[in-house]
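Asks: As listed in Swiss-Prot for this protein:
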- 1-44: transit peptide (TRANSIT)
- 10-19: compositional bias 'Basic and acidic residues' (COMPBIAS)
- 49-64: compositional bias 'Low complexity' (COMPBIAS)
- SER51: phosphoserine (MOD_RES)
- SER56: phosphoserine (MOD_RES)
- LYS88: N6-acetyllysine (MOD_RES)
- 220-226, 289-295, 302-305, 354-360: FAD binding site (BINDING)
- LYS333: N6-acetyllysine (MOD_RES)
- TYR564: active site, proton donor/acceptor (ACT_SITE)
Amino acid sequence: MAEAAGEAGASERDPDAVRARRRLRVLSGHLLGRPQEAPSTNECKARRAASAAGASPAASPAAPESGTIPKKRQELMKWNGWGYNDSKFLLNKKGQVELTGKRYPLSGLALPTLKDWIQNTLGVNLEHKTTSKPSINPSEAPPSIVNEDFLQELKEAHISYSQDADDRVFRAHGHCLHEIFLLREGMFERIPDIVVWPTCHDDVVKIVNLACKYNLCIIPIGGGTSVSYGLMCPADETRTIISLDTSQMNRILWVDENNLTAHVEAGITGQDLERQLKESGYCTGHEPDSLEFSIVGGWISTRASGMKKNVYGNIEDLVVHMKMVTPRGVIEKSSQGPRMSTGPDIHHFIMGSEGTLGVITEATIKIRPTPEYQKYGSVAFPNFEQGVACLREIAKQRCAPASIRLMDNQQFQFGHALKPQVSSIFTSFLDGFKKFYITKFKGFDPNQISVATLLFEGDREKVLQHEKQVYDIAAKFGGLAAGEDNGQRGYLLTYVIAYMRDLGLEYYVVGESFETSAPWDRVIDLCRNVKERIRRECKERGVQFAPLSTCRVTQTYDAGACIYFYFAFNYRGISDPLTVFEQTEAAARDEILANGGSLSHHHGVGKLRKQWLKESISDVGFGMLKSVKDYVDPSNIFGNRNLL
């Protein structure tokens, strides 16, 4: 981010720099209006030369890297857990849970009630800790199988690569529980043989052509945040497996302020994209929970959804144009028109393809001016059912905020346990008064309360009008305004919740989240039945302590909603916790489908859920997908075996 940081510094010193930069980007948008004209072949060569300058192609680049994700990811991110190396939940010297580092609003703050919540909810004994491997042992990694002719041509193309064990292991997995558990205690049976780092579209074309020439297997990787086994290497793959890492394709190529679009390389992370657009006064508004690490190409290939989709749309609503390199050649449309009637939409063959057809290299996406005003809120309901009814009415009246999330009671209790220590006596008094007012004066049962968090953004006057409309609807369903602070805190927790699983693993707790979508008339029954199924399955499989089984409604639509489930259990006394966990999760998925839910709302299918795909889309639909795969990639070069 050296270039972006330099631009930001210049803008602070000279306001004219902002205007000048914006004018240049507008001009670039007109001059480079067609994606195929940017970047130029010479630019591609220059980036490759810089990447390999002064060293062999296998070495780290001499030039500064511009994106958040470096080539050596392990220098910044955990190799066997979620997120940044400097951020983790632990027990501090006072015996309180604390998040280390300085990256998040919660960092460095004590969470005085979380320890008791963990002990009481999951039966955890904090005197008993698990052990995990401190680092990757290169001797434990499967040996690299490399085609020497391919390697020689890769060197001649000056495309950076690595055969180091730590680089290969880091790209052998996503973030499913099974994958992280294996990293802590064992090793994968099969990992990539080589990691390659293209720096532009032309590099990807060269790599794919070489893979076709020598019949090699390619598994693309972006942010590495997959939760569907999407990155796991097939154990019986005998060909050289190439991990094609797009993280160095991380530029905004142009911004067109007339058409409100931006053309970007597909390896740019969400946080880099939003930060750079913000410098020019724009945003995409696409904010998945994995925003820090996930990339544009990954969003497209999994049909991602962001928490503010009510205003900005899901990824399929944001993409105007895209370019994909396949074994048959490059797929892209000839026009960037906003809508076309040219048969089935080619974009929808690419969206959701999960790395099985090719590599997405560039995309044109819609942008919007950065909202001038943002306001948080929260509403407490007597129970979950009343909350769901309220969200249904808000959706019916087409007045949903940018984001609205409804937590069931157990999720509400968990969120309350994540509340930082209060330093102000007055604030503590106010919190106590609010609790008294809701539970005693209004008669809410603390064990039934359900809470919705709200995020409004846009023009200030319209936001305030919108806010009043939503709270008026909530009141009709027994909802009470629960404060802006509670709403804001709920959203600030978004990017730290994933760190909680690593803490659990240290104390014999396995946990996971999964999602679905369902029609409104199925939401309540589905939530109840799935949570009950999880509890029943755990009991039948010998789990000694009642599991955490909870849910929340995270997104709303005219015809239904997205529902997230969270479950975890204490596995002390269980000889094979992974099998118990996976059988329970599979049973929960069966229950979801039996209750009218979808196979996935936005996580995708991967290898984890593909056993249910044919049932979900019909034999004919499955055959259609297979026919596309067979034509586009007849030799199965993109052989991650997701979906089919």
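Here the Cβ of each residue, glycine as well, is placed from N, Cα and C on the backbone.
The model shown is predicted, which means the values in this text are computed figures rather than measured ones.
Help me understand the surroundings of these features in the structure.
Replies: Annotation for LYS88 (N6-acetyllysine): same-chain Cβ neighbours under 8 Å, separated by at least 6 residues, are LYS78, GLY81, LEU99, THR100, GLY101, TYR499, ASP502, LEU503.
DSSP classifies SER294 (FAD binding site) as coil under the three-state reduction. Within the same chain, residues at least 6 positions away in sequence whose Cβ sits under 8 Å from that of SER294 (FAD binding site) are GLY222, GLY223, THR225, THR269, GLY270, PRO288, ALA304.
Mapped onto three states, the DSSP output places LYS333 (N6-acetyllysine) in coil.
Contacts of TYR564 (active site, proton donor/acceptor) defined by a Cβ separation under 8 A and a same-chain sequence distance of 6+ are given as SER513, PHE514, GLU515, CYS551, ARG552, VAL553, THR554, in order along the sequence.
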Asks: Measure from the CA atom of LYS333 (N6-acetyllysine) to the CA atom of PRO220 (FAD binding site) and give the result in Å, rounded to a whole number.
Replies: 22
Asks: Just jot down the residues in the same chain as LYS333 (N6-acetyllysine), at least 6 apart in sequence, with C-beta under 8 A of its C-beta; none if empty.
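Replies: The list for LYS333 (N6-acetyllysine) reads HIS321, MET340, ILE346, HIS347, given in order along the sequence.
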